[in-house]
Every structure is written in C-alpha cells, then in structure tokens.
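S.K.: Would you mind keeping the following structure in view while I ask a few things?
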Amino acid sequence: MAKKDKTSVKKSVKETASKKGAIEKPSKSKKITKEAAKEIAKQSSKTDVSPKKSKKEAKRASSPEPSKKSVKKQKKSKKKEESSSESESESSSSESESSSSESESSSSESESSSSESSSSESEEEVIVKTEEKKESSSESSSSSESEEEEEAVVKIEEKKESSSDSSSESSSSESESESSSSESEEEEEVVEKTEEKKEGSSESSSDSESSSDSSSESGDSDSSSDSESESSSEDEKKRKAEPASEERPAKITKPSQDSNETCTVFVGRLSWNVDDQWLGQEFEEYGTIVGARVIMDGQSGRSKGYGYVDFETPEAAKAAVAANGTKEIDGRMVNLDLSNPRPANPQPYAQQRAGNFGDQLSEPSDTVFVGNLSFNATEDDLSTAFGGCGDIQSIRLPTDPQSGRLKGFGYVTFSDIDSAKKCVEMNGHFIAGRPCRLDFSTPRTGGGSRGGRGGFGGRGGFGGRGGFGGGRGRGRGGARSGNPNRGSVAPFSGNKVTFD
C-alpha cells in the first residue's frame, strides 16, 4: 500500500508541475541528468551574447515591459507556489517515515542517490547563477527585467522538481528527509535574496534610464545615468550662473564732485563783536577754511550781523550746516545755511549788470577800475587775482577819511595797455566772495584839484564858495570862485514888463 501511495504522489506532483508550466524531468537514470547539465553548461558558454540580445530585443519589442505591480504579483504567486511545494515535501517526508522500516539496503542506495542528485542540482544552480551574472553584466538594464522574470520561473520549476525528486527518493530515513528540506529552504532563501537584489538594481537602472534618456545597451547603466545626471546638474548650474552674472550690478564709482556744489556757508545773527578771524576760528572743526568775512556797514563801520565762511570742500560746508540750531557764537545762536554757489562763468553776471545799468567800456588805458569790491579785500587779493595778466605797477584801494574803511572799489595800474585789456576780460571775477566789475579807468585832468585861482583864498574863507567843494568837483568850485565880480551883485539887465 505504501508503494502505491508513493506512485500516486509522484503522479500528482508531476501533474501539478505540468499544469503550472514546469519542465518535466525524466527520472529513469541520474547519470543522464548529470550529462544533460554538463551539455547545457557547455552550450551556454559557447553561445555568443549577440544572439541572446537579438532574442531578448525581439521579446522586448513583442511584449511590453512589465510594470512594478505585475512584478509584485509574480513574487506573491512564486511564494505561494513555494509554500505549496514545501507542504508537498513535508507530506512526502511523512510518507517516507512510514515506509522507512522496509529495508536497510534500499535506504543506503537511496542515500547515495539522494546525495548525488543534490550535488548535481547544486552544480546546475551554480552554473545557472554564473551565466545569469554574465548576462546581466553584458546586457542592458531594460532587457534585464524580462530575463529576471524568466529566470525566476525556471528556478521555481527547478526547485519544484528537486523537491519532488527528493521527496520521492527520500524514503530511507527521517534524518535524510530533514536534511533535504533544510537544504531546499536555504536555497530558496538565497534565491529570494538574489531576486530582490536584481529587482532593486533593475528598478534603479530603469529609473536612471528614464531620467537620462540613454539608449546604450551596456550593463553599466547606473554609471551612465550618474554621469548624465551630473552633466545635467552642471548644465543647470551654468544656466543659473549666467543670469546671475548678467544681473550683477556694475562696479559703483564715486560720483565726481559737481561744480555747482557750493563751499560757502552763510552765518546769520552774528554778534557785533565778531570779526573775520573770530568767525573763521569758530568753524575750523568742520574742515579746512579758505576764508571768513563779516559783512560791515560802509557808513557806520559796524557789522551788519552776518557773514560768510568759505570751506575747501562741499562736504565740510554741509557738515557745518548740519550744526544749525546748536551753534553759538559769543552767546548768540547763529543761523547756518548754504550760500548760493558761484557761477563757473562770471560773464553772465557782468552782462546782466551792463544791461540793467547801461555799462559801457571806456577807452583803453593802462589802469583798470575794479568795482563791487568787498570791504574785506586787500591789495594782496587783487595782486593774486590779476597777477597773471601782466606786470602790475601799483594797486590803490581808496578808504573813507572818517572811518578809514574801504569804499568798495580800487585801481590796478599795469605796465602796458595789453595787460590791462587782459585784466578787463576777467570781468565778473570773484574776489573775497564778490564778483568784481572791471573797466578801463580814464586819466585825470589838471587844474581842478584846488579850485583854480579861487583856491584857498577869497572872501569865502578857505576857498569861499569854491573851497573844498571845488577840489571834490574837479575844478567846478574853482571856476565859480574865479568870477571877476567877487562878492558884488550883478546889475539888472532886461526888459521891464508891466501889466495894466
């Protein structure tokens, strides 16, 4: 009965294997299986890679690439089949336990045969694995997915056959059946691990191919995808760097000082005690001072209560104006503000004045009249201003006899007329902060300085009516004092008109 059960089990196992698409293995002789395995190994080593590629490419073209979901479903089906094969092996091992008491001679023969079959199967699996590694290294990542599926199916079928053979041939003892089952479990674990690794590598390679769009069929798809991803990242960096370089602002250059910026500060609400030197000392802390002047009244000689401070740079002038509202001089809070800048070309000022007052140039002479002079101007200021025009013979600045202050004009005498003409061309030049009016001076006429014959005598005492008035009028008083009828009344002459 036991033998009948064994034969029925073998038939059922073979039927299940044929239904699932497994390859039926002849069990007549074990030597035939060894020779067949060797022939398969030789044929696989002799075959070239190119026909495999062509077959696989044809398969790939005919059948679409399996998706990840289909691969997972196949894994689940594989696990189910493996579990069913294990259950069959366990049932066969239990049957072998019941039949272990038949004969010891058959057990020894079955031991040798089982060991030979297990060794032959292990050799076949090693050969298949080496071939798979070679194929995976030489073939592209896209074709590796379809190959792995086929190899996985072949392995499962081989395992089923080995499990069925071991179950049919392990009728010797319990220990042998346990060893075969443990070996089959270990092999299944190894195969599962290798399949998982291959699936992970194939998935990563397919991802890299989709990102890099490479059509190469080499096995180093990962390295190619890495290189392409690096090149793409470098291109992106370059693209980002190009607009950044274009958007870079140009180097900031310091703005040149505008010629219209003023360096003069107006100072208001000054005390009458403040003079030029005092005013300059009060503003030395803000920058280099070129000049300082307090505006004075020409008649009284007293300060008008304001002045000007000239700095070397506009920045110093702005710093001084920033102290407005906090600056005190001689106990008084002063007002500070920027003065109107001097025009670079003073000619418009001279032309405007000439249009307003009808100024006309006099006949050329060697003496130049300088009008609109500041009361603070000195002979040195005029010498510095007009020294470049020619050789200066003399400089005169008339003063008031009562106050001793300047009258606001002067005279500059040159050695020749050409130098004087050059000086007049500087009409509107600033001296001590004021634009000067330049003209040729007319020469003096004689006979009028002391009033002619009327001079210092006559009944008018000290020149009579002609007196000092004649001197100032350039002879007008002298002409009047020279009247032959000195002090007498002129006789009446004319027609007498009466009205009736």
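Yeah, the Cβs are placed from backbone N, Cα and C, and that goes for glycine too.
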S.K.: Select, from Ser91, Ser146, Ser211, Ser225, the one residue given the annotation phosphoserine by Swiss-Prot.
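M.R.: Per Swiss-Prot, the residue annotated as phosphoserine is Ser146.
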S.K.: Which of the listed positions, Ser100, Ser105, Ser143, does Swiss-Prot note as phosphoserine?
M.R.: Ser143
S.K.: Tell me which residue from Ser137, Ser144, Ser208, Ser216 Swiss-Prot records as phosphoserine.
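M.R.: Matching Ser137, Ser144, Ser208, Ser216 against Swiss-Prot annotations yields Ser144.
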S.K.: Could you please provide the mean pLDDT value for the domain 'RRM 1' (263-341)?
M.R.: 90
S.K.: Across the domain 'RRM 1' (263-341), what are the DSSP residue counts per state (helix, strand, coil)?
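M.R.: Taking the domain 'RRM 1' (263-341) as a whole: 18 helix, 30 strand, 31 coil.
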